[in-house]
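Over in TrEMBL, the protein carries these features:
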type	residues	note
DOMAIN	5-386	domain 'Cation/H+ exchanger transmembrane'
TRANSMEM	40-60	transmembrane segment
TRANSMEM	72-95	transmembrane segment
TRANSMEM	107-129	transmembrane segment
TRANSMEM	136-160	transmembrane segment
TRANSMEM	180-199	transmembrane segment
TRANSMEM	268-288	transmembrane segment
TRANSMEM	294-315	transmembrane segment
TRANSMEM	327-348	transmembrane segment
TRANSMEM	360-380	transmembrane segment
Amino acid sequence: FHLSHKVTRVVPESALLIVLGLFLGGIVWAADHIASFSLTPTVFFFYLLPPIVLDAGYFMPNRLFFGNLGSILLYAVIGTVWNAATTGLSLYGVYLTGVMGKLNSGLLDFLLFGSLIAAVDPVAVLAVFEEVHVNEVLFIIVFGESLLNDAVTVVLYNVFESFVAIGAPNVTGIECLKGIVSFFVVSLGGTLVGIFFAFLRFTKHVRIIEPGFVFIISYLSYLTAEMLSLSAILAITFCGICCQKYVKANISEQSSTTVRYTMKMMASGAETIIFMFLGISAVDPAIWTWNTAFILLTLVFISVYRVIGVIIQTWILNRYRTVQLEIIDQVVMSYGGLRGAVAFALVALLDKDKVKERNLFVSTTIIVVFFTVIFQGLTIKPLVQWLKVKKTEHREPKLNEKLHGRAFDHILSAIEDISGQIGHHYLRDKWSNFDRKFLRKILMRRSAQKSRDQILNVFHELNLKDAI
């Protein structure tokens, strides 16, 4: 696939892997007449998802991410709740008209389905958007939203699943209040667990096990959050984001290279397995229940409500953002809501005894995943080219640009300080001072601290480039 440049320019790897999975699943079915392989939630959440999310967090451009954190959180939290609620309520409203026929489901079942189908998949988004090369701000907002949206979706899913378990008549105002509180406790708790594990010390005496420590501590943050019923996705994401700087400073150059390539290899391998298993899992007649009206309306509602949500939220954001999100950016953001393995794993977790229409929900989720990954994945590149979306430039900033950038940071933080405005630059400056005075002294080896002088660092980089 990678050798054929004509194919890679047109077809995203994720779409090709799903088709390959369908082909392999068909061969297995033809031979045995049973679906021998399927993507189980346990395998997905405990073995395949952690390396992908860790890779995304560890290589996250921190400055861009935290600079746009407000926008990302708005799309990830409010946007996800909006998509889940509107999709679930609209499907229930249409069901009451009788268009879908007789279904053994109530309002809570539809809201539960709405919550899981709102999961924008970071694996699918990353696979498509990395090939498209959209500009950095647009990429970080769409990717950051898909990453945090997963954590929000899992929490929403758990809340609605517990409501379904206790039954609609028992869901009181107090239960709803508990659900809202648990939403914030689970999300913030998971984030704090990740930050705590990110700041654990690494070995400095036995160099050969350094890379292993990075992976073990990150995976421990995921498992600990899961054990405490907190958001494991947020835990490993923020563990990767926060430990990146200190890991690179503390470990040797060889270990840093090992961590980088091993992480990329594990994430790439997990992505490949996920998309292939999505194809293989679909070749199982036992899970298919067809309802044309339900499936078509789900596709219509998730697309329409995503567009409406993006337009409303962007209109609010643009009143406060310095860099405005244009109409073209909003089109790409609306179109970039790809569903993937997270939605499939969540729907596979449903209990058939509690959710009577489980098979219909599974079938619809598979159709939605295939439609968004294959159709939208295939058409997003031509769309970006047709709309002439600003692309990113892949080049290292020059020394002059670095110096001017740093000077502007100091000037802007000083202006914010004088004017009494607490903005990005002021907060970043305060965090840098706190990091320099306390965190670096605790978390970095002494030799690493000495080499952190910025001018000497730049001089060292220039010498290294000349030598190479």
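Placed from the backbone N, Cα and C atoms, the Cβ positions cover glycine too.
Sequence-distant contacts of the transmembrane segment (294-315), counting only residues of its own chain at least 6 positions beyond either end whose CB sits under 8 Å from a CB of the stretch, comprise 74-75, 78-79, 82-83, 86-87, 90-91, 94-95, 100, 103, 117-118, 325, 329-330, 333-334, 337, 339, 360, 363-364, 367-368, 371.
Ranking 40-60, 72-95, 327-348 by CB pairs under 8 A with the transmembrane segment (268-288) puts 40-60 at the top. Highest Cβ pair count under 8 Å relative to the transmembrane segment (40-60), across stretches 72-95, 107-129, 327-348: 327-348. Sequence-distant contacts of the transmembrane segment (327-348) (same chain, at least 6 residues past either end, Cβ-Cβ under 8 Å): 14, 38-41, 44-45, 48-49, 75, 113, 116-117, 119-121, 123-125, 128-129, 134, 138, 141-142, 146, 150, 153-154, 157, 274-275, 278, 281, 302-303, 306-307, 310-311, 314, 358, 361-362, 365-366, 368-369, 372-373, 376-377, 380, 383-384, 387-389.
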